[in-house]
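K.L.:
Below: one structure in structure tokens.
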Amino acid sequence: MCGIFGYLGNQDGVSIVLEGLAKLEYRGYDSAGLAAVVEQELFIRKTVGRVQELSNLFQEREIPTASVIGHTRWATHGVPTEINAHPHVDEGRSCAVVHNGIIENFKELRRELTAQGISFASDTDSEIIVQLFSLYYQESQDLVFSFCQTLAQLRGSVACALIHKDHPHTILCASQESPLILGLGKEETFIASDSRAFFKYTRHSQALASGEFAIVSQGKEPEVYNLELKKIHKDVRQITCSEDASDKSGYGYYMLKEIYDQPEVLEGLIQKHMDEEGHILSEFLSDVPIKSFKEITIVACGSSYHAGYLAKYIIESLVSIPVHIEVASEFRYRRPYIGKDTLGILISQSGETADTLAALKELRRRNIAYLLGICNVPESAIALGVDHCLFLEAGVEIGVATTKAFTSQLLLLVFLGLKLANVHGALTHAEQCSFGQGLQSLPDLCQKLLANESLHSWAQPYSYEDKFLFLGRRLMYPVVMEAALKLKEIAYIEANAYPGGEMKHGPIALISKGTPVIAFCGDDIVYEKMIGNMMEVKARHAHVIAIAPESREDIAAVSDQQIFVPDCHFLAAPVLYTIVGQVMAYAMALAKGMEIDCPRNLAKSVTVE
């Protein structure tokens with residue numbers, strides 16, 4: 001989950017690359033570095049820490065060079081040190097590489113190269129690329145052949161960019177199970193893990209498909225090849241981006257801004273996919289044979305898995321179609337049953353999640369009837385690899401802990417459930433109107449909720465706690481799974497989520513005097529059951545914080561503290577209560593003085609398995 005940025009052109013390449021790397025820090029921020037060819041010698045600078053630390057190394061950034069490659073790292077092989085930071089160079093310092101991914105056969109290749117007398121400077125798998133390329137180039141003196149031969153030896157995920165000191169006007173780059181995008185400017189080319197990193201300079205792009213590499217030369221269009229050295233024609237795509245992602249709009253953190261973006265984002269989805277009366281528009285999934293599916297399999301990771309889990313509950317409550325939810329990293333190794341009339345749904349905010357992409361390939365291999373993607377990036381691998389893709393329309397999300405992208409996923413999945421129910425005749429006209437109107441009220445309810453000061457003030461008295469239990473039932477269970485994950489991600493607190501009814505089957509043994517238990521009581525069908533679960537933990541002297549509808553003032557009798565949520569339709573409740581969990585986690589991280597936007601050990605886009 002590293003970020004790559006390269007530049008070839010006539011401008012100040014070092015400044016442009018540093019700026020691009022700063023926009024890619026969501027992919028990793030353990031260390032950073034860059035390489036350039038200056039007067040036929042490699043110029044290398046790298047450091048442990050953030051891109052700003054790298055920028056501080058340049059008193060005068062204006063360096064006479066046409067080609068620069070840079071990298072911001074999230075460590076997978078080798079601890080974060082300056083030696084392990086990218087770029088890596090060969091023994092003779094003739095070439096340098098930056099790499100995102102994991103080379104699965106690196107130990108085998110390292111043994112072979114070591115046996116040939118090659119010494120390695122780092123502990124990383126990435127150094128294999130540059131040492132192997134250098135060996136081939138010494139023998140052939142052919143850039144393209146040597147690069148192709150190198151790539152053919154690598155198993156795993158590889159996005160990389162490579163420069164050679166004897167070819168100062170050329171950058172070699174490749175994609176293999178890891179994203180890499182070319183940005184096409186006027187007499188300049190950009191190379192990046194994410195097109196938004198060069199959006200300021202050009203909106204014209206070409207995405208390398210897996211198994212393709214490009215020769216980027218100054219003054220020429222990039223030449224793209226496959227590993228059989230067949231030249232590939234690539235269409236130029238127009239990048240669309242609706243906002244300046246670097247603007248926090250006065251908020252202290254991107255995460256907080258993105259939390260408060262949600263009413264507007266949800267309003268946009270509602271206006272796009274619903275009519276004024278609250279009906280799902282006929283154009284929604286109109287080209288998908290939605291009535292033909294007998295079952296649904298959802299595959300996702302992390303927060304997207306929680307969204308899929310909620311979709312299972314909602315869809316099965318609306319229409320008689322079985323829904324299976326799978327963790328992507330387990331799915332491809334488990335060989336679950338896939339019926340011939342199965343709809344596969346792949347959920348990924350970035351559209352580049354490695355395990356979810358692997359599941360996509362496995363589902364294709366299993367001849368699944370249809371694949372639907374749900375993601376935020378139109379040019380992503382998942383968006384391009386499915387039969388139809390629903391886009392989150394959430395805008396750029398920079399905070400590592402997802403907020404607005406997650407609630408957009410929830411709303412689109414609710415729309416999917418309503419569409420399925422409609423085509424199967426499972427809802428009366430009155431139900432359709434009621435459900436639609438309940439969803440249309442969401443943006444206003446979100447605004448009202450976010451004005452509730454108790455969401456922020458709750459955290460300080462609990463900032464010394466090192467563990468929390470979250471309880472929820474039915475639709476609230478996936479919501480508390482997400483809330484607990486948020487507390488782990490940005491406040492570094494051990495937080496576990498359980499269905500309320502499971503407490504007496506083991507987890508209640510964790511309760512001691514003062515243990516904080518957060519109970520989400522936003523599902524009317526199981527409200528009384530949740531009251532019983534809260535009384536169980538209260539009897540063991542837990543400190544209970546109840547998250548409940550504002551009309552349920554009686555909940556004060558069985559809880560120590562209450563946070564009230566506007567009354568809403570049951571389909572809107574998961575979104576509102578999810579936002580409660582987001583703000584509570586943010587408030588706790590703030591109270592503990594944590595780095596909220598860039599939590600330790602995490603990256604925004606998980607592009608390695």
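Including glycine, each Cβ sits where the backbone N, Cα and C put it.
From Swiss-Prot, for reference:
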- Cys2: active site, nucleophile (ACT_SITE)
- Lys604: active site, for Fru-6P isomerization activity (ACT_SITE)
- 2-219: domain 'Glutamine amidotransferase type-2' (DOMAIN)
- 285-426: domain 'SIS 1' (DOMAIN)
- 458-599: domain 'SIS 2' (DOMAIN)
K.L.:
Counting across all protein chains shown, how many other Cβ atoms sit within 10 Å of the Cβ of Cys2 (active site, nucleophile)?
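P.N.:
So the number of other Cβ atoms within 10 Å of Cys2 (active site, nucleophile) is 29.
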K.L.:
Summarise the domain 'SIS 1' (285-426) as counts of helix, strand and coil residues per DSSP.
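P.N.:
Going through the domain 'SIS 1' (285-426) residue by residue, I get 64 helix, 27 strand, 51 coil.
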K.L.:
Could you count the residues of the domain 'SIS 2' (458-599) that DSSP puts in helix, in strand and in coil?
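P.N.:
Tallied per class, the domain 'SIS 2' (458-599) gives 70 helix, 29 strand, 43 coil.
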K.L.:
How does the model score the domain 'Glutamine amidotransferase type-2' (2-219) in terms of mean pLDDT?
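P.N.:
Residues in the domain 'Glutamine amidotransferase type-2' (2-219) carry a mean pLDDT of 89 in this prediction.
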